[in-house]
Every structure is written in C-alpha cells, then in structure tokens.
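Some features that TrEMBL has for this protein:
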type     : residues : note
DOMAIN   : 41-323   : domain 'ABC transmembrane type-1'
DOMAIN   : 357-591  : domain 'ABC transporter'
TRANSMEM : 36-61    : transmembrane segment
TRANSMEM : 81-106   : transmembrane segment
TRANSMEM : 156-176  : transmembrane segment
TRANSMEM : 182-201  : transmembrane segment
TRANSMEM : 267-288  : transmembrane segment
Amino acid sequence: MNKPFLHRQINSKAGKPPQESAGKVFARLLGYVTRYVGQILLVILLLLVGTALNLLIPYFLGEGLNNLSSSLNLKLLLHTVILMTIAAIGSWAALFLQGLIIAKVLQRALYNLRRDLFEHIQSLSINFFDRQPIGELMSSVTNDAEVIATFFRGNLNMLLSESINLIFIVIAMFWLNWRLAITAMLISPLFMALLGFISRVSGPIFDNLQQNIGELNGLMEETVSGEKVVIAYGQQLEAVYNFQQISFAAMEAGIKARFIALLSRPVTLVLTNLDVALVALVGGLLVLNNQADVGIVATFLQYTRQFAIPITSVANSLDSLLASISSAERVFAILDEKPAIVDKPNAFPMPPIQGHVVFKDVDFSYVQGRPILKQNSFEALPGQKIGLCGPTGAGKSTIINLITRYYDIDKGDIIIDGHSIYDVQQDSLRRQIGIVLQEPFLFSDTVMNNLRYARLDATDEECITAAKQANAHEFILRLPNSYNTVLTERGGNLSQGQRQLLTIARMMVANPRMVILDEATSNVDTRTEERIQQALNRLMQGRTSFVIAHRLSTIRDADRILVIKAGEIIETGTHEELMAQHEFYYDLYMSQFKGKVAAIA
Ligand SMILES: Nc1ncnc2c1ncn2[C@@H]1O[C@H](COP(=O)(O)OP(=O)(O)OP(=O)(O)O)[C@@H](O)[C@H]1O
C-alpha cells in the first residue's frame with residue numbers, strides 16, 4: 001500500500017525580498033566595489049591604456065596594408081610589425097596589472113558584503129528570528145553570498161573592461177569613417193532589445209530559483225537537525241519526498257532560467273556575423289566609390305567583431321548576472337531589516353544591578369492586536385527568588401523575555417533599581433542577567449571554550465572553579481580529554497543533565513547580577529536533578545532570581561510566587577499563603593501532588 005505523505009507547507013513568503021528594480025539592486029551591489037575609488041580609478045586608467053593599445057593593433061595593421069598596397073617597402077613593414085608588437089606587449093602589461101588590482105578590490109568587496117550581512121544579522125532583535133526560517137537565513141549568508149561571489153569574480157571585471165572597450169571602439173570607428181561606424185552599429189538596437197527581453201523573461205525565474213534554493217536549504221537544515229524525531233516517527237521517506245518536491249521545483253526553475261539566458265548566445269553569434277557581413281558589403285561599396293580604402297575596411301571588420309564582443313560577453317554572463325541580482329535582492333532585504341529593539345539616543349549603561357525589579361501595568365503582544373500580557377504588575381526585591389507558574393501558554397516565558405528586553409512592551413514600564421529598562425543600553429542590561437534555558441545550547445567547541453563563552457577574559461582557573469560550583473567538574477574530568485574535549489554540535493555527545501550542568505557552570509563564569517531559570521531541571525533523573533538543583537541554589541544565592549517551574553516543588557521555597565493564567569497574574573504570595581487561599585495555585589499543587597502519590601503507588 002502506498003504510504004500517505006504529509007505535504008509540507010512551504011512558507012514561500014518568508015524571506016521573500018521586496019521587489020526592487022534590478023538596476024537599483026545592481027547599482028547597490030556595485031557600491032561595494034566603487035567605495036575603493038582610488039583603485040578603481042587606477043583600474044580604469046590601466047584599462048583605458050590597455051584597450052587603446054589593443055585597438056591600435058588593427059589600426060596599425062590597416063595602415064600597414066595601405067602602405068603595402070602602394071609600394072612593397074620592407075622597412076615600412078618592419079616598422080608596422082614593431083609598432084604592433086609594442087602595442088600588444090603594452091596592452092598585455094596594462095591589462096595584467098589592472099587584473100591584479102581588480103581581483104583584490106573584488107575580494108575586499110565580497111568580504112565586506114559577507115561581513116555586513118553577518119554583522120547585521122547579529123544586530124537584529126529576537127523578533128526577526130521568530131519570523132525568519134533559520135535555514136533560509138543561513139542560505140542567504142552562504143548560497144546567496146556565493147552566487148554574488150561567483151558573479152564578482154567571474155563577470156564584473158569583464159563587464160567593466162568590456163564597457164570601456166565598447167566606448168573606445170565606437171570613438172575609433174567614428175574617427176575613422178562615420179558611414180562604416182553607423183553601419184556597424186545598425187544592429188546594436190537589436191542586441192539591446194534581445195538582452196532586455198531575456199532579462200525581463202528570465203529575471204523572475206532566477207528569483208524563483210534562488211527562493212527555491214533558500215527553501216531547500218531551510219528544509220535540509222530543519223530535517224537534519226530534527227533527524228532524531230524523523231527517525232523516531234519513521235518519517236525518512238516523507239522527508240525524502242518533501243526534499244524531492246522542493247528540489248524538483250528548484251531544478252525546473254534552474255533549467256528554465258538558464259535555458260532562456262543561454263538562448264542569447266547563439267542569437268548574439270548570428271547577429272555578430274550579420275553585422276560583419278553588412279560592414280563588408282557597405283565597406284566594399286565605399287571602396288568602389290573611393291570613399292574608403294581597403295585598409296580602413298579591414299580595420300572595420302576587426303572592430304565590428306570587437307564591437308560585438310562586449311555585447312556577447314554581457315549576453316554570455318547574463319545568467320550569472322541575473323542570478324546574482326536576485327541573490328543580492330535577498331541579501332539586501334536582510335540588510336534593510338531594522339532591529340526592532342533600539343537604544344534611545346541618550347541611553348546610559350545599566351549600573352551594577354542590585355536586583356529590585358518592578359513590573360508596572362505591563363501590556364504586551366508579539367503580534368499587533370493579539371495581546372498576550374494584560375496589566376501585569378509585580379515587584380521583586382534584591383536577592384529574592386520569584387517563582388512563576390501557570391498552565392502552558394499562560395505567558396511565563398513571555399514575562400522573562402521582557403525582563404531581558406528581548407521584546408518591547410506596548411504599555412506600562414519595567415524598572416530595575418529605579419531605572420526604566422528602556423532608558424539603558426540593552427547590552428549593558430543583558431550582560432548582567434544570566435539565563436538557563438530549558439533546552440541547553442552548547443557550541444561545537446571544547447568544554448573550556450564553551451565555559452569561557454560567558455566571559456572571554458575568564459581564566460582557566462575561574463572556569464574550573466565555576467564548573468566545580470555547578471557540580472560539573474567531576475563528569476568533565478571523566479570526558480576523553482577533560483576540559484579540552486570537543487563537544488559535537490549542541491553538545492550532542494553529552495547527556496541532557498550534563499549539558500544542563502555545563503550551562504549552569506557557564507553562567508557561573510559570567511557571574512551575573514540577576515538570574516533567570518526556565519524549567520532547568522526537567523527531563524533528568526532524580527539524582528541528576530538534585531545535583532542540578534544544588535548548583536542552581538548556589539547560583540541564585542544573593543541574586544534576584546526568576547524561576548519558571550512546571551513542577552511546583554522547585555519553587556516551594558520561593559520568596560514570592562506569581563501564578564499566571566491567560567496572560568494575567570491571578571495570584572501572588574508565598575507557597576504557604578497561596579495554599580491557604582485554596583484557589584488556582586492550590587488546585588494546581590494538589591493535582592501535581594496527587595499525580596506524584598499515584599505514581600509512587
Ligand atoms: N515568538 C512568539 N510569537 C508569537 N506568539 C508567541 C511567541 N512566543 C510565544 N507566543 C504566544 O504567547 C503566549 C504565551 O507564551 P509563553 O511562551 O510565554 O507561555 P508559557 O507560559 O511560558 O508556556 P509554557 O509553559 O508552555 O512554556 C502563547 O499563546 C504563545 O503562543
């Protein structure tokens with residue numbers, strides 16, 4: 001029986017860049033090159049010299065032919081050959097040098113583009129990452145940047161030199177014989193119309209192709225990082241099917257886009273030959289009418305071929321040009337993204353936090369018009385442990401996200417030690433708040449470097465002391481290379497509890513003034529939980545801490561518990577006070593307690 005497939009809903013709108021005109025995008029891309037004005041001017045100068053010398057070769061040839069046709073003078077012939085050789089060597093040297101300089105400029109331009117993109121992504125606020133599929137984002141930094149790189153390396157220099165070549169040829173042609181010049185150029189509107197038509201038709205298909213590649217990378221990233229779930233549910237075939245779907249769409253778009261772009265090659269070839277034939281015909285007639293000599297016509301036949309070269313080159317690199325424009329559009333769409341959370345112009349660094357936190361009538365929504373928190377107010381005194389509990393989706397993590405200013409609120413204020421967090425520099429605030437997330441995240445690096453990530457100037461001894469305080473030292477010593485053991489991605493070669501202990505140790509290295517713990521003890525056995533709890537208690541000592549707990553036992557000793565339901569704080573007090581109230585918290589606690597008793601029984 002055929003296995004039914006769960007069709008993946010592709011979020012094709014995500015990451016879709018706003019449509020800017022191709023010309024504007026190209027000009028912006030060029031801006032990365034033109035900022036090296038000095039080098040570019042030198043490159044243009046060298047190109048002018050190289051091209052002029054190159055164009056002198058057919059001219060010398062024509063002159064030589066004219067001289068030869070009047071008298072066979074060996075001296076003159078030698079003179080012509082020497083001039084042609086000097087022009088050829090000079091042209092080669094100038095073009096070689098410009099090639100060296102432009103290669104350097106293009107590499108710098110690329111480096112700047114990639115750096116800008118990565119730096120900009122680092123500057124964006126969390127809400128951007130909520131909207132943007134991570135895989136597609138990664139595709140922009142890698143694939144789109146590579147498409148642009150290929151164009152920069154392969155085609156941009158060519159376009160520059162060919163444009164200069166074109167200008168020179170046109171000047172030279174008009175200088176030599178305006179009738180033949182006009183004849184040679186008669187065909188150019190046809191060339192232009194053809195290139196215009198091809199870019200109009202295949203441009204959107206290239207956009208589609210780059211979009212498909214982005215989706216493909218997104219799917220790849222998501223599937224591989226969720227491979228354990230894919231295997232657990234036996235959905236490998238499904239994953240392959242989804243991959244094939246997008247891959248097939250990318251292939252079809254690729255074939256279509258490249259086919260149309262490549263069509264330009266044979267057509268430009270035919271047009272060039274037609275042009276040469278036309279010049280030969282008109283040239284022959286002019287010679288017969290004594291309006292031109294044979295040498296000039298020979299020179300023109302060469303020029304006509306050279307005249308078509310820049311246009312043919314543009315046509316040949318059209319696919320690369322169009323692909324790079326649609327990649328650049330995606331990259332610029334990210335670069336144009338404004339960080340949602342911005343420091344006020346007069347924001348000041350947050351002084352060392354003592355831990356007095358006040359929520360004052362806070363309203364908040366992730367999406368406009370869909371309120372999540374309503375009129376939330378509470379106070380935490382320095383050194384207090386505040387527990388947050390409530391049903392799933394109630395808004396516990398949201399409150400925590402607001403303390404660190406991951407998102408801005410709609411109404412009200414959040415005040416720490418008398419300073420509104422909207423008046424201080426966000427970095428200086430976050431640096432003082434440590435967070436232990438439910439899902440610990442570690443980097444593919446050594447244990448020591450993972451610990452030092454929290455504070456780059458921490459010494460090895462400080463990291464080891466933190467690991468000891470976090471009850472992580474013993475298991476680290478048992479790792480194959482102890483503190484120098486390289487963790488696999490996200491710490492995949494450690495157990496859940498060990499990862500949790502490492503993230504606690506990492507936070508101890510940071511030595512934050514305030515602590516946030518998001519269900520840090522779930523999914524581990526009782527003994528590990530005890531070790532984690534002990535480490536967390538050390539971490540919380542003397543620091544204001546916020547603890548999100550599903551198992552209420554972890555916050556029984558809290559100085560104050562906030563019970564959250566549907567975005568509102570419905571009860572607050574100590575465990576004893578809340579139990580005495582016999583309301584929501586009481587029910588919640590009793591249901592968990594009964595559950596535990598039943599499990600033991
Ligand atoms: N990034 C987001 N964008 C839009 N809505 C969100 C976002 N994060 C959370 N929400 C919504 O906000 C509400 C509160 O979510 P929150 O994560 O704060 O709940 P919670 O109490 O921490 O739940 P849990 O105990 O399950 O972790 C939920 O309805 C959720 O769907």
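Residue numbering: from 1, along the chain as shown.
Glycine is no exception: its Cβ is also placed from the backbone N, Cα and C atoms.
Just so you know, TrEMBL annotations never went through curation; they're auto-generated.
Distant neighbours of the transmembrane segment (182-201): 22, 170, 173, 260-261, 263-264, 267-268, 271, 274-275, 278-279, 282-283, 300, 303-304, 307-308, 311, 314-315, 318, 321-322; these residues of the same chain sit at least 6 beyond its ends, with a Cβ under 8 Å from one of its Cβ atoms. Remote same-chain residues near the transmembrane segment (81-106) are listed as 33, 36, 39-40, 42-43, 46-47, 49-51, 53-54, 56-57, 60-61, 64, 152-153, 156-157, 160-161 (criterion: CB distance under 8 Å, separation of at least six residues from the stretch ends). Mean pLDDT, taken over the domain 'ABC transporter' (357-591), works out to 88 on the 0 to 100 scale.
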